[in-house]
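Colleague: Structure provided below as structure tokens; questions to follow.
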Amino acid sequence: MYPVHLLVLLAVCVSLLGASNIPPQPLNLYQFGNMIQCANHGRRPTQHYTDYGCYCGKGGSGTPVDELDRCCKTHDDCYTEAGKKGCYPKLTLYSWKCTGKAPTCNSKTGCKRTVCDCDATAAKCFAKAPYNNKNYNIDTKKRCQ
């Protein structure tokens, strides 16, 4: 083998080792976003739910500010329970379809079904709950104690 080939091979190996330290990205959040759009018939962009109240978005604490925020807390709790069963909700891809303008899970068993049910239930809850613009991008340090 030529020295240049060895250098290229070494560079690839080092790159792969570095990539193994990159944390995995939440893959199923794209699916969840599509479920939300299915349930609310595209009336509200998915990103409006990423920084709403005390529980919609990353993390969560305190008392939910309204019905929509309670949907997010319930979804967080569902993911926690799925994690206790050995599932990785943010990384679990599942099969579903939009029927009658509501998400329906096709995955039958295990983590795929559990996570799909968490997401479908939350998406339907979001569609029913009123959206209060005052609860978007709130000061969580003050309002979520």
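Here, residue 1 is simply the first one shown, and the rest follow in order.
Just so you know, glycine gets a Cβ as well, placed from its N, Cα and C.
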Colleague: Which single residue out of D76, D77 does Swiss-Prot record at the Ca(2+) site shared with Y55, G57, G59?
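Modeller: Only hit among D76, D77 in Swiss-Prot's Ca(2+) site, alongside Y55, G57, G59: D76.
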Colleague: Looking at Swiss-Prot, which one of C78, C87, C98, C105 makes a disulfide with C38?
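Modeller: Record-based pairing for C38: C98.
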Colleague: Pick from C71, C72, C78, C87: which one does Swiss-Prot say forms the disulfide with C125?
Modeller: C71
Colleague: If you count the other Cβ atoms within 10 Å of each Cβ, which of the recorded positions D76, D119 comes out on top?
Modeller: D119
Colleague: Tell me the Cβ neighbour count for C118 (disulfide bond), meaning other Cβ atoms within 10 Å of its Cβ, over all protein chains shown.
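Modeller: Counting Cβ neighbours of C118 (disulfide bond) within 10 Å gives 26.
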